[in-house]
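K.L.:
This is the structure I want to talk about, given as structure tokens.
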């Protein structure tokens with residue numbers, strides 16, 4: 001009888017073990033089904049799987065807050081944003097990988113004649129590459145922040161945000177948006193202003209009678225409008241000394257970073273927007289926010305922070321009306337002129353073709369003189385449907 005009790009106990013234990021194994025097996029099967037379903041419900045699941053397998057082979061080391069900041073006369077960076085709500089709803093796959101602080105990979109989906117799918121992975125190298133986990137503060141630290149001191153030394157600094165509509169330019173420069181409401185304290189405009197006032201209060205500058213002013217204007221269809229003065233239309237003239245003057249542009253004196261944030265929010269609310277396929281409230285203008293340093297009334301330095309208009313090519317505006325097509329042509333012309341000016345600056349050419357567009361004309365003093373420093377942040381969308389536009393942006397920025 002004693003032996004039969006032991007046998008029974010052993011059988012019970014065996015049955016329990018088998019039940020547990022069956023439960024574990026069932027959980028694994030369900031998990032595999034969910035994963036399979038998630039991948040196969042993605043319209044481009046084969047490409048998604050290829051990208052996943054490719055990434056598994058990489059040892060990614062993204063940019064870190066402790067990385068050294070190098071000095072560049074011209075600094076070109078790229079920033080990848082996360083997939084947005086629209087892209088997630090469409091189950092778009094992310095075709096961008098940032099394996100290191102200076103490299104970015106684009107996995108372009110391709111198909112052979114026999115319908116075999118494959119990835120064409122292209123590598124781009126920049127001064128800095130930021131993935132979707134990088135904050136505005138992190139981007140600012142490596143891009144615009146090193147330029148702030150330039151204006152205290154009598155120089156001109158310029159920071160451009162470039163990319164297609166919806167790639168994150170206005171978020172990076174102007175801060176967080178919730179509908180039309182803006183929190184400008186989280187953007188590069190505000191971070192730069194805060195650092196200007198920090199430097200201003202340092203002993204070496206405190207005694208120099210320095211005053212800070214700001215201007216905020218937009219260039220729309222080749223015309224200039226003052227965003228701090230009810231969108232007053234302004235004239236751009238060149239004086240006898242070949243200095244470009246924006247006639248009537250209001251300079252507002254500011255005494256703290258909070259004043260600047262108020263000006264940013266006021267000006268941003270006036271900006272010209274219109275609908276494109278890519279974005280319901282697409283900015284069709286270049287917005288330029290300038291921090292001006294004056295010493296006893298005389299110009300000492302200037303920091304121009306430019307949120308460029310979306311770089312869409314004809315595809316997204318082909319079905320649009322005549323005005324939208326004209327807008328697109330004007331934007332493309334000014335972006336081409338900007339690239340030529342940056343190239344001339346980088347190659348120390350004696351001639352800078354700044355008269356080719358209103359944008360480069362207004363920013364003329366950013367491209368001349370030995371004490372000019374420039375930074376361009378190329379913004380890219382990670383979704384597969386934006387792949388062509390992303391490649392265009394990267395080729396533009398890849399000087």
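Please read every residue number as a count from 1 along the shown chain.
Glycine residues also receive a Cβ, built from the backbone N, Cα and C atoms like all the rest.
Please treat TrEMBL annotations as automatic predictions, because they have not gone through curation.
Heads up, here are the entries from TrEMBL:
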| type | residues | note |
| --- | --- | --- |
| BINDING | 163, 164, 165, 166, 167, 168, 169, 170 | ATP binding site |
| COILED | 3-30 | coiled coil |
| DOMAIN | 73-399 | domain 'Kinesin motor' |
K.L.:
Of these binding-site residues, 165, 167, which scores lowest on Cβ atoms within 10 Å?
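P.N.:
Comparing Cβ neighbours within 10 Å for the binding-site residues 165, 167, 165 has the fewest.
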K.L.:
Under a three-state reduction of DSSP output, how is residue 164 (ATP binding site) classified: helix, strand, or coil?
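P.N.:
In the DSSP reduction, residue 164 (ATP binding site) maps to coil.
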K.L.:
10 Å Cβ neighbour count around residue 164 (ATP binding site)?
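P.N.:
The answer is 25 other Cβ atoms.
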K.L.:
I need the least crowded one of these binding-site residues (163, 166, 168), counting other C-beta atoms within 10 angstroms of each C-beta.
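P.N.:
So among 163, 166, 168, the binding-site residues given, the one with the fewest Cβ atoms within 10 Å is 168.
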K.L.:
Counting across all protein chains present, how many other Cβ atoms fall within 10 Å of the Cβ of residue 169 (ATP binding site)?
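P.N.:
I get 27 for this one.
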